[in-house]
Amino acid sequence: MHKIAVLPGDGIGPEVMKQALKVLDKISKKYNIQLTYEFADVGGIAIDKYDTPLPKHTVKICENSDAILFGSVGGPKWENLPPEKQPERGALLPLRKHFNLFANIRPVKVFKPLKDACSLKNELISEGIDIVIFRELTSGIYFGQPKYISEDRTYAVDTMKYSVEEIIRIAHLAFEAAKLRNNKVTSVDKANVLMSSVLWRETVTEIHKKFYTDVELQHMYVDNASMQLVRNPNQFDVILTGNMFGDILSDEAAMLSGSLGMLASASINESGFGLYEPIGGTAPDIAGQNIANPIAQILSAAYMLRYSLKSDSAATDIENAIEQVLNEGYRTADIFSGKDGEKKVNTEEMGNLICEYI
Ligand code: NAD
């Protein structure tokens, strides 16, 4: 029995979450996985009801769960509130901190039928794209101390710091993921100029030698990695990197997919507890119209099955169903190009089709 905290949030969040839960109901019956859902308010809707984007009882529900399925939060109504009250800053960041979600997993998948939407030339991605980025999320230069601007504002300091322990725990996750995929890890650093990267490289090499000699390990400087992502993305399987490099590379890689409605991410902690969410926002321009693409939210449910509930086959089953629905030409408005064979469907219909193909 797995308890899932469901936090749909604002805008398109509730519409796409409904489809993800429909898919989870279908897959859980097929694989005999017992799921129970506890719903809680987060973001703008929580501000309206309780005057805070992250009410205490929402945190309590998350604490009593095995994973958090998150929609998205925010919208024009709450944009002018003070920073700590803003839906994203006041809900997502505290949740990541509270649960020590140190590993951000960002799969970048361009399904073959959608390769025309990719920003790269077709011949570079004949088979689509399938990469997973493991980014360290709670340390590195964004958090290292000291961090300040001098009193006379003539200089500023940030500190890039990584401990061996922090590197080891994310390295294990990346190697374990590679074993379920194409068995290759590319560790990205800047070891030619940064001491923290020298330690990063040494530590990853050691973990590889000790535990994962059956996985291929490659080291790459971050400047080269950003170039290789647009030159030949299919050379990558799992990318393992620190906080700042991961921040930049994951957005670069996301753009390869062409639509925000197709990508999700996972943030997990040492015990495998995780928060799963689409990478896009609340899409206020299309909210409430039943036209949003639910695939990102459905993929976030698949990643929850894979990374927190350890049911890789159920996750793969969902991904295959999505691919088949796309192969049949079904498209929500954001990925509809009007080509022969394409059939436009709404949010609800897309959810139903994916359920049918499971
Ligand atoms: P957005 O991602 O909401 O929308 C950008 C564009 O992508 C819009 O045209 C939107 O219609 C489209 N889009 C996004 N998801 C889609 C989907 N599933 N299907 C079809 N089209 C989709 O970004 P924005 O407009 O910059 O932000 C809107 C609000 O969302 C803001 O309040 C922002 O703070 C918030 N936001 C929240 C999160 C989060 O909760 N993690 C992330 C990003 C933005």
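Any Cβ shown, glycine's included, is placed from N, Cα and C.
Note: TrEMBL annotation is automatic and uncurated.
TrEMBL annotations:
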{"type": "BINDING", "residues": "Gly75, Pro76, Lys77, Trp78, Glu79, Asn80, Leu81, Pro82, Pro83, Glu84, Lys85, Gln86, Pro87, Glu88", "note": "NAD(+) binding site"}
{"type": "BINDING", "residues": "Arg96, Arg106, Arg135, Asp223", "note": "substrate binding site"}
{"type": "BINDING", "residues": "Asp223, Asp247, Asp251", "note": "Mg(2+) binding site"}
{"type": "DOMAIN", "residues": "3-354", "note": "domain 'Isopropylmalate dehydrogenase-like'"}
{"type": "SITE", "residues": "Tyr142", "note": "site 'Important for catalysis'"}
{"type": "SITE", "residues": "Lys190", "note": "site 'Important for catalysis'"}
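Cβ neighbour count for Lys190 (site 'Important for catalysis') (all protein chains, 10 Å cutoff from its Cβ): 19. Taking the C-alpha atom of Asp223 (substrate binding site) as reference, the shortest distance to any of the recorded positions Leu81, Pro87, Tyr142, Lys190 belongs to Lys190. Other residues of the chain with a Cβ within 8 Å of the Cβ centroid of Asp223, Asp247, Asp251, the Mg(2+) site, are Val222, Ser226, Met244, Phe245, Gly246, Ile248, Leu249, Ser250, Glu252.
Among the recorded positions Gly75, Lys77, Pro83, Tyr142, the residue whose Cα lies closest in space to that of Arg106 (substrate binding site) is Tyr142.
Contact annotation for recorded positions (Gly75, Lys77, Lys85, Lys190) versus ligand 1: Gly75, each with CB under 6 Å from a ligand atom. Separation of the C-alpha atoms of Lys77 (NAD(+) binding site) and Asp251 (Mg(2+) binding site): 26 Å, rounded to the nearest whole number. Cβ neighbour count for Glu79 (NAD(+) binding site) (all protein chains, 10 Å cutoff from its Cβ): 11.
Across the structure, Glu79 (NAD(+) binding site) and Asp251 (Mg(2+) binding site) are spaced 23 Å apart at their Cα atoms.
Look at the binding-site residues Asp223, Asp247 and count other Cβ atoms within 10 Å of each Cβ; Asp223 has the fewest. In three-state terms derived from DSSP, Glu79 (NAD(+) binding site) belongs to neither a helical nor a strand segment and is classed as coil. Secondary structure at Arg106 (substrate binding site), as computed by DSSP, is strand. Summarising the environment of Lys77 (NAD(+) binding site), the number of other Cβ atoms within 10 Å of its Cβ, over all protein chains shown, is 13. Each residue contributes its Cα atom, and for Arg96 (substrate binding site) and Pro87 (NAD(+) binding site) these two points are 14 Å apart. Considering only the residues assigned to NAD(+) binding, Gly75, Pro76, Lys77, Trp78, Glu79, Asn80, Leu81, Pro82, Pro83, Glu84, Lys85, Gln86, Pro87, Glu88, the longest pairwise Cα distance works out to 16 Å.
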